[in-house]
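The block underneath contains the structure these notes are about, expressed in structure tokens.
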Amino acid sequence: MKKAELVFIPAPGAGHLVSALQFGKRLLQRDDRISITVLAIKSAAPSSLGSYTEALVASESRLQLIDVPQAELPPLEFAKSPAKFFILNIENHVPNVREALTNYVSSKQDSVSIVGVVLDFFCVSMIHVVNEFNLPSYLFMTSNAGYLSFEFHFPAQDSRTGRPPKDSDPDWLVPGIVPPVPTKVLPVSLTDGSYYNYLGVASRFREAKGIIANTCVELETHAFNSFAEDQTTPPVYPVGPVLDLNDGQARSNLNQAQRDKIISWLDDQPEESVVFLCFGSMGSFTEAQVKEIALGLEQSGQRFLWSLRLTPPKGSKSLTPVDCSNLEEVLPDGFLERTREKGLICGWAPQVDVLSHKATGGFVSHCGWNSILESLWHGVPIVTWPMYAEQQLNAFRLVKEMGLGLEMRLDYKRGGDEVVKADEIGKAVASVMENSEVRKKVKEIGVVCRKAVEDGGSSSVSLGRFIEDVLRNHFGSE
């Protein structure tokens, strides 16, 4: 049999690229017939992923990365609707991706056969480009099966209403999600001006030859049962958790001295005594909210490690959060002195290293799917503080459907006027450290997630099925 080549086209963004590369790495380790070429679209936001991707490519002889030339960015006023800006930026890159794919295909030797293209789910607008090469398109979901079910359901819901949802609308009945979904926890993109761009993405999901999901069947059984009952759904391959357990992304953003300081501090804390607050690469707060978080932590009486990043100053063209240069300016008077025996505040944090540390006992999170999987993997219960994208839906399901998290907020949205008060924060932090029932359940599901990716586990079997289907779909027709 010829060598088989898969082309990956991740969406531009740290979480999307890292997940795609980690999935690619797992494919290469599983089957030596396969090689992978990644067509990488540059992120519109500043990133320090270069050293991470270079190291990963250098460690895998059958993995190569080709940079797609930067296209013109959408007008900056669209950045007020992040999903709209993100989707338009991807669509602007379609001609450049077509050219890169053309050049790559024409350069291939006869001994290597391109068997398919794995597109990030946000890159569905490129399916027609892949079709031009008579190649099958597979979608890679960096999120979960419940969210995939929502994407399948969204066009049907729109056909009934024809407009963005309102808070007063009835709950949505999504086939792959057990409880009815309140409109206030639907993805932010449905109400921030991105609705029709988002609808355009969701309406093309069924055109894919198959969909790879970063989850496992045991975590989302109901969603996978709903896919099996729907004859119009493409095959869905749960292959997760797909995680960067070496925290290579974080280390590319963090010097060794900073990391050592954090880990050394954790080493001095009792087991499961520290609550970790971290809100992802784009999570940030105003100074007013920072003060309330500080007071809430103090009221809780718990030890804490807080990754503190601020909203960019007004008038800034950047959407990227900034580290705080002077903590005393933004924290309540005397806070640092009063909590110096109990807390540590940092900028960027090595999240996986922290979650895997024996001292960590709770996680206040923005509920990005990668962060949820990392926390479950390491058996750390979560307090929900969603901010953007589909995080409100993730938080809702984590608390109401899975019973694996504790609610602080399910519908908080970044950029709003709401300030969560110290009392609410303090109670939530204390509850996650004291709730033994949720902690036990999270530790149990962590074991399940680990077994899923071991030889013979559900995700390992599903990965093998994906490989065989891809190869059979291509070589079986020759």
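Glycine is treated like the rest: Cβ placed from N, Cα and C.
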Could you look at Thr53, Thr102, Thr142, Thr161 and say which one Swiss-Prot places alongside Ala349, Gln351, His366, Trp369, Asn370, Ser371, Glu374, Glu390, Gln391 in the UDP-alpha-D-glucose site? Thr142
Spacing of the two Cα atoms, Ser371 (UDP-alpha-D-glucose binding site) and Asp120 (active site, charge relay), in whole angstrom, works out to 18
Give me the CA-CA distance between Trp369 (UDP-alpha-D-glucose binding site) and Ala389 (anthocyanidin binding site), in Å, as a whole number. 10
Alpha-carbon spacing, His16 (active site, proton acceptor) to Glu390 (UDP-alpha-D-glucose binding site), which is rounded to whole Å: 14
My understanding is the cutoff is Cβ-Cβ under 8 Å with a sequence separation of 6 or more in the same chain; which residues meet that for Glu390 (UDP-alpha-D-glucose binding site)? Ser143, Tyr147, Phe150, Pro187, Trp369
For Asp120 (active site, charge relay), the close binding-site residues (Cα within 10 Å) drawn from Thr142, Gln351, Ala389 turn out to be Thr142
For Ala389 (anthocyanidin binding site) and Thr142 (UDP-alpha-D-glucose binding site), determine the Cα separation and express it in whole Å. 12
Starting from each candidate's C-beta and looking 10 angstroms out, tell me which of the binding-site residues Thr142, Ser371 has the most other C-beta atoms. Thr142
